[in-house]
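For reference, the structure is listed below as structure tokens.
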Amino acid sequence: MTQQEMKKIAAQAALQFVKPDTIVGVGSGSTVNCFIDALASMKDQIKGAVAASKASEGRLRAIGIEVFNANEVSELDVYIDGADEITPQGAMIKGGGAALTREKIVSSLAKKFVCIVDGSKQVDVLGTTFPLPVEVIPMARSYVARQLVALGGSPEYREGVVTDNGNVILDVHNFHIIEPLKMEHTINNIAGVVTNGIFAQRYANVTIVGTPEGAKIIE
């Protein structure tokens, strides 16, 4: 079974967490694209969605789902998103698609975060397989990079990428993130950092793993 097929299995299983007459929080990325495609079957049962990226917003509108601005809602019932890495405790690294700040905003509005992944994204310690993305205000790029080196990381400027917010991304290699919540706060306190891709304060309440045997749900 291909990775794409396992993503589709996880995405389809996430529909059970979408309640009728609600506004759904929708993340971004390849697994979320599978979820949006699956959500088309429920488009007449939900009020609409809040999207964490312009790409997801466009995909939702293309299938006829109304998209709301995050400022128009006070709370979401559920937020569905993927991850680049996720631990058994539900802490994640996200931001491979550079939408991490908006993903943090929309996920913070939700009562429940459902993370949909294939098995390759499961790790015991964050930083094992994927660098940590950090969104940075452009004028602070060099300063922030030096601070990340001081923390033990090896930051790499993501060439040619500008976020939906007009900022740049540093991908930090060589982090072995034993205490995700502490590291999330430490990096966010560096002047010029908009946010980083550790999702530990807003962790996943439910993880759905697509496997050849079907969807495995971890709560």
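The count begins at 1 with the first shown residue.
Even glycines carry a Cβ here, placed using N, Cα and C.
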Of Lys8, Lys54, Lys121, residue recorded by Swiss-Prot at the substrate site of Ser28, Gly29, Ser30, Thr31, Asp81, Gly82, Ala83, Asp84, Lys94, Gly95, Gly96, Gly97: Lys121
Residue among the binding-site residues Ser28, Ser30 whose Cβ has the most other Cβ atoms within 10 Å: Ser28
Least buried by Cβ count (within 10 Å) of the binding-site residues Lys94, Lys121: Lys121
Nearest-integer angstrom distance between the alpha carbons (Cα) of Ser30 (substrate binding site) and Glu103 (active site, proton acceptor): 14
Shell of the substrate site beyond Ser28, Gly29, Ser30, Thr31, Asp81, Gly82, Ala83, Asp84, Lys94, Gly95, Gly96, Gly97, Lys121, same chain only (C-beta within 8 angstroms of their C-beta centre): Gly27, Val32
